[in-house]
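Chemist: One structure coming up, written as structure tokens, with questions to follow.
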């Protein structure tokens, strides 16, 4: 009896020691060696928020479609000069800028690759929301986003093959065609419904548009905050990437605007092309990076899409603020038309698409 009581006391002491050495939620505990259950909080939060944000985004894009005139939209598709200018910006200027910035700052090869992936991504849907707030050409904005997402299936592999050869084998980069396809579907379907509603019930479409534009602005802020919370442990990164993440979107906005102006587009469409160029699909970039690289490599590169998304939003808000100030003093609020001759990018016989018109034809 005495032996059994001593044994029980010994076991109680051992358990007490282990309880102090191991956390209460340990699944296996052997002395100081404990196996803890996997922390799935971020994963669960990510799934829940992604689902909610996807639904909200679909509703926002539906409302953006309510501002699209079917005839104007088809005009851009049939005579795609504006779309072509956007294409040159999206898959010409942005990858080249990413390449030059990577060389100029002499960053690590793996970091240069993520900068290039960002530069090769299609335009993001946030550009449509900001384009609305700066009185951009929504028909052009929507058509550019749709076309750049569709063309990304071919242009992304081509651009990455050209620009990443000096740093890595482009075959190691996995392009999630399913994600690109889903992005395209998630964009086209709600926008199509919005165009239909605007065609059938224009009065109701205006109400939906006003509500959706406000929700869209809130959604952009939520996405930025959620990204910061979910990946708060990934902010330790080389200052060079912070600098590139600041310069890159600013360069996209600026170069996109000037190329559109050189191409003869109106101020309204220059603003639109500028936003479509600078605002990239950062979620797609993050997906590609996660699918393509090891955890050790991700530590050096994963934060860059988040940095880019922060500064692309910051500069977009600065553009919005600057335009609103300009509009207050230089645009007639009754007509909401800029004091710019329409002939700058419109020809009498091609008012819908705003195709290029030479000096002789103006």
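For all residues, glycine too, the Cβ spot is worked out from N, Cα and C.
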Chemist: May I ask you to indicate which of 11-33, 241-263 is given in TrEMBL as transmembrane segment?
Modeler: 241-263
Chemist: What stretch in 83-105, 112-134, 175-195 has the biggest tally of Cβ pairs under 8 Å against the transmembrane segment (300-320)?
Modeler: 112-134
Chemist: Which residues, given as numbers and ranges, are at least 6 beyond the ends of the transmembrane segment (83-105) yet have a Cβ under 8 Å from it?
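Modeler: Hits for the transmembrane segment (83-105): 76-77, 111-112, 115-116, 118-120, 122-123, 140, 143-144, 147-148, 151, 155, 159, 162-163, 167, 240, 243-244, 247-248, 251-252, 255-256, 259-260, 263, 265, 273, 276-277, 280.
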